[in-house]
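> Quick one: structure below, then a few questions.
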Amino acid sequence: MREIVHIQTGQCGNQIGAKFWEVVSDEHGIERDGLYKGTNDMQLERISVYYNEIGSNKYVPRAVLVDLEPGTMDSVRSGPLGGLFRPDNFIFGQSGAGNNWAKGHYTEGAELVDSVLDVVRKEAEGTDCLQGFQITHSLGGGTGAGMGTLLMSKIREEYPDRMMCTYSVVPSPAVSDTVVEPYNATLSVHQLVENSDETFCIDNEALYDICFRTLKLSTPTYGDLNHLVSFVMSGITTCLRFPGQLNSDLRKLAVNMVPFPRLHFFMTGFAPLTARGSQQYRAVTVPELTQQMFDAKNMMAASDPRHGRYLTVAAVFRGKVSMKEVEEQMQNVQNKNSAYFVEWIPNNVLSAQCDIPPRGVKMAVTFLGNSTAIQELFKRVSDHFTAMFKRKAFLHWYTQEGMDEMEFTEAESNMQDLIAEYQQYQDATVEEEAEYEEEVPADEES
């Protein structure tokens, strides 16, 4: 089977990672002690993608948990799923990275990285046919951002032909932990552009908006935000974990979603949105789901898709859904909003379906969009970066860890290039390509 090794780094990465394992274990009928108590054969059919079977009926996640301070690890270990993970797979330092990307990437993180790679190697050796790695981390801190990207480049060196997929929480001024988030995020994106194959952008600001506006929560906690993230992660990985036809592994997903290798940053969405603890009391229909899913308010990245165009889209419907109806609705959306889809990629909207719905709802859909509007998110980070960098604010924190200003300049220009590339493809039309084709025969005649 095509296994995936999961790595969670830093406080944020470990928190959303733990939530992910909670949801996935629940969907596959795996108890907190790792024993299978499920009822449906489909739960076991592709269980080996994320779990290692040890002994009869006992499963252990293929997860590596990393942090530069012991605090988060302790809370995962004492949390509901503490007994599920392999004890050797907790790797932590003592000092913390203090929200400093350079500490995570060059000093503290670099000291710990070899012991992490040993565990990753051990997990990779325990697979039949490894398809790739998924990393959960935030881009605003020190460990998840700095050490997370260091791990990615090291894993890339060792497994150059395996997929690398990241769930990256992008910082936002609305929900800010520290003042240097724009630095950490820009330095991280610089790495993600080169070393990741698919990055699912999750944005705290958008998650907060969903909690306020849609779920009517007056004071959302990180627990509420992580609850939303776990919906999306569960939905994206549905195709990987349950038998299905479309996007059934990371590489196929990338083939369908990434038209140009650098443009692999996806917006994610989920419908129907429900708050923690409140289940839905009305049935949803496919048209409602489709409409909700394309709604800007449902996006987990604070970019408005109406300000850009979709290069590619994938939707994963779950529950007892008629595929015919899904196809009709998706076609309908494209016909009505054709201006928002680039016309030079044919069949760029795909739908998959899985019979097992998420807990508590009859039907749900997860949305993945490669939209040029994601540049808004990068612009926002980049503007904050530039404002600070031109005054060299807080730069000494990074230079005293051995970083060079040149690295900041490079990261800044790489971010600007990325924004420009998205803009270029947003403006591209079929006419431009057609003109080019018409010019060629003219030369032959002369």
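The backbone N, Cα and C atoms fix where each Cβ goes, glycine too.
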> Quick check on the annotation: Swiss-Prot has Glu69, Ser138, Gly142, Thr143, Gly144, Asn204, Asn226 binding GTP, so which of Gln11, Gln43, Gln191, Gln245 does it put in that site too?
Gln11
> Cβ atoms within 10 Å, counted per site: which of Gln11, Ser138, Thr143, Asn204 has the most, among these binding-site residues?
Thr143
> Counting across all protein chains shown, how many other Cβ atoms sit within 10 Å of the Cβ of Gly142 (GTP binding site)?
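I get 28 for this one.
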> Which residue, out of the binding-site residues Glu69, Gly144, Asn226, shows the minimum number of other Cβ atoms inside 10 Å of its Cβ in this structure?
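It is Glu69 that, of the binding-site residues Glu69, Gly144, Asn226, has the fewest other Cβ atoms within 10 Å.
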> Where does Ser138 (GTP binding site) sit in the DSSP three-state scheme?
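The three-state answer is strand.
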